[in-house]
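Undergrad: Pasting a structure below so you can have a look.
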Amino acid sequence: MADTIFALSSGAVPSGVAVIRVSGPRTREIVECLAGRLPDPRKAMLARLVHPQTGEVLDEAVVLYFEGPASFTGEDVAEFQCHGGRAVVSGLLAVLGGFEDCRPAEAGEFTRRAFDRGRMDLTEVEGLADLIAAETESQRRQALRQMGGALGALYEDWRKRLIHMRAMIEADFDFADEEDIPGSVADEVWGEASELHDEIEDHLVRSKSGERLRSGLQVVLMGAPNAGKSSLLNAIAGRDVAIVTEEAGTTRDVIEVHLDLGGYPVTLVDTAGLRQTEGVVEKEGIRRAEEKGRAADLILWAVEPCGVAQDDPSAGLPEDMRANVPVWTVRTKSDLETLPKQDSSGTIVEIACSSKSAEGMTLLFNRLTRFAEETISLGEAPLATRERHRHYLKECLSGLRTAVDSHHLPTELRAEDLRRAADALGRITGRIDVEDLLDVIFRDFCIGK
Ligand SMILES: Nc1nc2c(ncn2[C@@H]2O[C@H](COP(=O)(O)OP(=O)(O)OP(=O)(O)O)[C@@H](O)[C@H]2O)c(=O)[nH]1
Ligand SMILES: [K+]
Ligand SMILES: [Mg+2]
């Protein structure tokens, strides 16, 4: 018999209400023992929870019972909505641990059971994890859609199409000796395979948006020491996150702030000012700054009024970043009189702003919001959201491509490539052996989920 597991599924105590969840074969017995009777499934029942040995009243709680398989895990599940005091919760958890074959749940174990019993596929599990982690409106929408099965359904549909193609080819193959049929079924199938290939390729291209939305856009503040980067970060974040002093080389560590720009997640990153230095700590800070810059979706290149050569505001920014990452020049400290609004080369300074007077800050904010919107706009179709998805989509494409292109090979071999393509999709949803992956995926969950 499987263990019956339990955990505090709501947030940290003390809280108004705490939800303790129980799942497994002993659930029914536990509810009857603590609450005196079993509520009707899915109907709330107010009950005094009584200690099974001493008869002492533990709490007055709302009890819910979900009979398996129509429950989150697919097993019998109960929820005790008790008062969220520390002693109430720890007392109840201790009593639950006293039942035979009953133990505290591990992180993600409720969801793992739901997956094992076929209540959710892997993309839905990931969607649930993303929903719990979602910080902005657009992340919530994407996660909810994925948890609802939209992405899994898309992959399952593609997989079925591949399986169907294979069946058609094999049928065709079986009848091959009954005289040559002109324009055989196989020819049609290769056409379909080629179409599916393009569909998946298109999905893969757009998947970058999904991943960015899930993890947030990385906007990295870079520039010479004292350019005003940390002040800008503080002004945008609306609080004193980073240390600001007039000393050049103040910031060494990478400092990140999570922003919600019009519902889009943006991580704004402050970094050490770039310069030649012998300081060990500062050197390391600069190395980290450049590492962040290379991985950025956007670099805000901060330039103070009299800071650098005026004819090339982005002098000092490493060449590879200039070439590969979008860069906006931000002219800082615009409250200082000396500010040239336009540099001598005639290049319009992208944005001029001041952390002191707040001049230009709204413009910067709006531009960033628009950038986020354009980079990660969420269309109607579900998007791949993880590196894991991308990996198997590529594998699927490679199988499809080989199958379509290998005109010279025997049909059996080409059919085998179609199987490889279908299996790759099955690994995304977890319908095909992914045992080694499961621990990684479920580890990300909190206890009680
Ligand atoms: N007048 C004025 N001074 C500013 C403004 N922003 C920053 N400063 C000043 O410029 C100096 C450097 O600011 P920081 O924000 O520490 O600059 P930084 O680029 O983070 O510097 P490092 O971390 O050392 O690379 C401080 O003395 C700030 O008070 C501004 O908008 N106007
Ligand atoms: K500074
Ligand atoms: Mg700084």
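The backbone N, Cα and C atoms fix where each Cβ goes, and this holds for glycine too.
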Undergrad: From GLU60, GLU75, GLU79, grab the residue that TrEMBL records in the same (6S)-5-formyl-5,6,7,8-tetrahydrofolate site as ARG21, ARG119, LYS449.
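TA: The candidate from GLU60, GLU75, GLU79 that TrEMBL ties to (6S)-5-formyl-5,6,7,8-tetrahydrofolate along with ARG21, ARG119, LYS449 is GLU79.
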Undergrad: Express in Å, rounded to the nearest integer, the largest CA to CA distance found among the (6S)-5-formyl-5,6,7,8-tetrahydrofolate-binding residues ARG21, GLU79, ARG119, LYS449 named in the record.
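TA: Roughly 18 Å, rounded to the nearest whole number.
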Undergrad: Between ARG119 ((6S)-5-formyl-5,6,7,8-tetrahydrofolate binding site) and ALA272 (GTP binding site), how far is it from one CA atom to the other, in Å?
TA: 48
Undergrad: If you check the binding-site residues GLU79, ARG119, ALA248, LYS449 one by one, which have a CB less than 6 Å away from any atom of ligand 1?
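TA: Correct list: ALA248.
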Undergrad: Do me a favour and check the Cα-Cα span between ALA272 (GTP binding site) and GLU79 ((6S)-5-formyl-5,6,7,8-tetrahydrofolate binding site); whole Å is fine.
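TA: The separation of the Cα atoms works out to 50 Å.
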